[in-house]
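First comes the structure, then the notes that go with it.
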Amino acid sequence: MPRRNDLNKIMILGAGPIVIGQACEFDYSGTQACKALKEEGYEVVLVNSNPASIMTDPELADRTYIEPLIPEIVEKIIEKERPDAVLPTMGGQTALNLAVSLSKSGVLEKYGVELIGAKLPAIEMGEDRELFKEAMARIGVPVCPSGIASSIEEARQVAHEIGSYPLIIRPAFTLAGTGGGIAYNQEEYEEMVQYGLDQSPMSQILVEKSLLGWKEYELEVMRDLADNVVIICSIENFDPMGVHTGDSITVAPAQTLTDKEYQRLRDYSIAIIREIGVETGGSNIQFSVNPANGDVIVIEMNPRVSRSSALASKATGFPIAKFAAKLAVGYTLNEISNDITKKTPASFEPTIDYVVTKIPRFAFEKFPGAEPILNTQMKSVGEAMAIGRTFQESFQKALRSLETGRFGFGCDRHETLPTLSHLRSQLRTPNPERVFSLHHAFNLGMTVEEIHELTAIDPWFLDKLEDLVKTEKYMKQRSLKDLTAADLRYIKQQGFGDRQIAFATKTTEDEVRAYRKSLGITPVYKVVDTCAAEFEAFTPYYYSTYEPEECEVLPSDKPKVMILGGGPNRIGQGIEFDYCCCHAAFSLSDAGYETIMVNSNPETVSTDYDTSDRLYFEPLTKEDVLNIIEAENPVGIIIQFGGQTPLKLAVPLQKYLNSPDCPVQTKIWGTSPDSIDTAEDRERFEKILHELEISQPPNGIARDYEESRVVANRISYPVVVRPSYVLGGRAMEIVYSDEELERYMTYAVQIEPDHPILIDKFLENAIEVDVDSLTDSTGKVVIGSIMEHIEEAGIHSGDSACSIPYTSLSDNVLTTIRQWTEQLARALNVVGLMNIQYAVQGDQVYILEANPRASRTVPYVSKATGRPLAKIASLVMSGKTLEELGVTEEFIPQHVAVKEAVLPFSKFPGADTLLGPEMRSTGEVMGIDSDFGKAFAKAELGAGVILATTGTVFVSMSDRTKEAAVPVVRELIDLGFKVVATSGTQKVLREHGIEGVEVVLKLHEGRPHVIDWIKNGQIQFIINTPSGEESQLDGRTIRRAALDYKLPIITTIAGGKATVAALRSLQDHPLDVKALQDYLG
């Protein structure tokens, strides 16, 4: 069937901010969909609240709305734009839930808008647990014994019918298992049921008999309007049932299915997608197989593009989201051409002659109090993927891609082996470190059978891992020169890195590299081509392997530039850096360079086969990057866009490129590694600041507790302490006493023994300011934007809301900031981007830090000002001047854009929600409007904060902030809110003339206390600033209850003032919507 000509304008719903369970994969799918529909001549309207996404670039869609993804706002956009259809399958769970809401409320019918990609009955049947179960019964596909409950009483009845624990709780219409879990007894069960009902938007849960120990598989399936169905990829979970698939190591294609079992899953998948009624596009279907007898049960399906779709796309080269968008407008699979081969249609199922492994990355260290245990609720914050000719090769490459300080399956550090009893408990309970517990187990002599008994991991995988430990022992018994060429090739084919070989043979990585090359053992690069080399591939998408085959890298005469990506997402380094890498690839391709992207993250736009001219899906380690440099011989390498990942490689790369035996003429483009090191090295940086007469907070350096105590007492408490060389404020804290400092030093020095601890005076009640600037090789400096933070200095900049333009900075302060930025950019010889953070106390400005690289604010600044900083910076690095590019002065927009952080506390039930100097947000949203109040209100709504415009506010302030809270409380009363407070706060308010404030009891003062008020729905939002030790427990419990009951909680005075401005705006007039293209002219 040809494309539908009855549609002209199509709205795509995005996924919003990056959260656990919904990350960059939806930027990837949304970007592909925008391109595919525009290619077909449709007018595209995009709605998404995430400024860090490529899809919200103004040139990607015809009309781009960076607005909150809530039904009331999307209705206004529909009313304004009058699209013919809405495509909801590209924006994850957020977009599906929005589509259901707009459909059921009658909005789509009112404006004559059609749902394409998935109709309402298909979405509901795929997402509603009861309807899905009924559908499976109709087609004879077995499901797990289960029952649906909408109350505790119903849940008790379901548990009685199933008959035995453990039971699995799965809330309906939630993302990444939010609110779910495994209950081993009745008490746990009832707690989890209540939590699950609260988390489900429709207060419905599915209770299932536990299939712990069964194997888990996924199939990626596509269907068109002519009822053609293709299976794109099978994926096997290394971890058995009981661990969320997003937290499990996964392998494609499935390794341990018999042909008969695979055919059965395939037949079931085709029957399921037809019965559910997904007419056009992709679905992900999850199965469980009993290893004892081969019984199959279907677990669930996602009637949309998913995290697994992104993985399947990158694993096979088959662009699922692009094809799904084309199917949604009427094409059939056989009418769509495969871009990679240019010969085969999309109905030609991909075949792959390699193995792909994905390993998740966790951030439990960011959430003290949260147990590092994996279950059915997803907790990982990112993932790395690797490709190899064997499972062993791809598995070890994926482990070293994670960037967690490990270089493969062990064999990379001296370790004390645990006791057998401790090890058994580590193996029995799924946790992020379990993969290395397997390594310990083989070293302690445990058998495959014993380990399988404890973990239920398939013996096939365990055999392969045991084989790696045998190779490790073989290497440790020999010197490097004892290893023959055949030995070394076999070792490299198993995925061992040079670093691991060096550890085993007691040599250095450089010695291993030199010896390996002297024996002629170098990697070859193979193409990901969707067809196992049956047809020629036209898109250079490569992976390395050590099989003795020919290298498939295509020669080229164009000058090449290599861009090093950011690796797996983590807190502190996410989509913002991928955005910068993509922009570099786009602008340098347009300038005539051949761009080479190196990255290991399957979720991102940068690892899409058509973002750069060449893509290497490889780990970002010294060994892997040097191998690619030698294969490609680029003229330049860009390291300043991928966050800390490529920066860590700067010095070793420079050392290699300067060495006499380097066979290539490659240069690192932009700011030199030496200048980057100067900014990172406290002593070198201070010397420059001293020469330039730039102030910084009083500070010092310490290597142990005694030194740190002397420094802290010299500069006076409170102080900020942190290790040198960090991103995302890792292990950074504000301490108020010698006792707190001693606890910190004991904990933090273990983290970075090689680097000293930095101690700075903490500037209380200071305003923090971020500046992004551009500098060219002539020393011309142009400020991209000056951003004013809403939370005061001391809250990590990545967790703080901020505003463009600034709202309260004086002319004197602005002059100082601009002068210091220019002086520092020149002193550091910056070429490209630099980010500087300042703190302002009154009219006194202090510099906090300077980073001569792309920062996480670059996409936000680019969207707010319309000036693509990363594109400009990459052209500057290629030798262009800012004058030539027409960028000569700072641009201050007439509108206001507010960026707000999105935090993942709901996934970590034990963690405190209080913000501090260590970054914990996973993503961000932007609100844009004509004034600050409206823009901040939109940012809060986009971040999921429900701002009530009437009702009761509970106020509990620390002694330090009680005075400052008075004006905020006065304004809330002016706005018509009822204010209630703790006795101490009420006393201060009364002293300042605020009468009639009711006292609410603290937890230890009797009942009904504040938590009772929260649970009874008597409070609409909370202002609670953290107090001293004795009331910390109260504050923590209140903050946690606010999160569980979805109440807005403000923990700073500055946040209170901004919220008052937003509430005033919302009361004055309803929010309006406007396309980004109209703001930017």
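Every residue, even glycine, has its Cβ placed from backbone N, Cα and C.
Here's what Swiss-Prot has on this protein:
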BINDING   Arg129, Arg170, Gly177, Lys209, Leu211, Glu216, Gly242, Val243, His244, Gln286, Glu300  ATP 1 binding site
BINDING   Gln286, Glu300  Mg(2+) 1 binding site
BINDING   Gln286, Glu300  Mn(2+) 1 binding site
BINDING   Glu300, Asn302  Mn(2+) 2 binding site
BINDING   Glu300, Asn302  Mg(2+) 2 binding site
BINDING   Arg722, Lys761, Leu763, Glu768, Gly794, Ile795, His796, Ser797, Gln837, Glu849  ATP 2 binding site
BINDING   Gln837, Glu849  Mg(2+) 3 binding site
BINDING   Gln837, Glu849  Mn(2+) 3 binding site
BINDING   Glu849, Asn851  Mn(2+) 4 binding site
BINDING   Glu849, Asn851  Mg(2+) 4 binding site
DOMAIN    133-329  domain 'ATP-grasp 1'
DOMAIN    686-878  domain 'ATP-grasp 2'
DOMAIN    945-1081  domain 'MGS-like'
REGION    1-403  region 'Carboxyphosphate synthetic domain'
REGION    404-553  region 'Oligomerization domain'
REGION    554-944  region 'Carbamoyl phosphate synthetic domain'
REGION    945-1081  region 'Allosteric domain'
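Features per Swiss-Prot, on structure.
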residue	record	contacts (Cβ under 8 Å, 6+ apart)
Leu211	ATP 1 binding site	Cys144, Ile168, Met241, Gly242, Ser288, Asn290, Ile297
Glu300	ATP 1 binding site	Phe132, Arg170, Ile285, Gln286
Asn302	Mn(2+) 2 binding site	Gly126, Ser283, Asn284, Ser308
Gln837	ATP 2 binding site	Glu768, Val769, Asp770, Val771, Ser797, Ile847, Leu848, Glu849, Ala850
Asn851	Mn(2+) 4 binding site	Ala679, Met834, Asn835, Ile836
Expressed to the nearest Å, what is the distance separating His796 (ATP 2 binding site) and His244 (ATP 1 binding site) at their Cα atoms?
30
List the residues of the same chain that sit at least 6 positions away from Leu763 (ATP 2 binding site) in sequence and have their Cβ under 8 Å from its Cβ, in sequence order, or write 'none'.
Pro697, Ala793, Gly794, Ala839, Gln841, Tyr846
Taking the Cβ of His796 (ATP 2 binding site) as the centre, how many other Cβ atoms fall within a 10 Å radius?
21
What Cα-Cα separation, expressed in whole Å, is found between Arg722 (ATP 2 binding site) and Arg129 (ATP 1 binding site)?
47
I'd like the per-state residue tally for the region 'Allosteric domain' (945-1081) from DSSP, helix first, then strand, then coil.
68 helix, 19 strand, 50 coil
Using DSSP, tally how many residues of the region 'Oligomerization domain' (404-553) sit in helix, strand and coil.
75 helix, 10 strand, 65 coil
With every protein chain in view, how many other Cβ atoms are within 10 Å of the Cβ of Glu849 (Mg(2+) 3 binding site)?
16
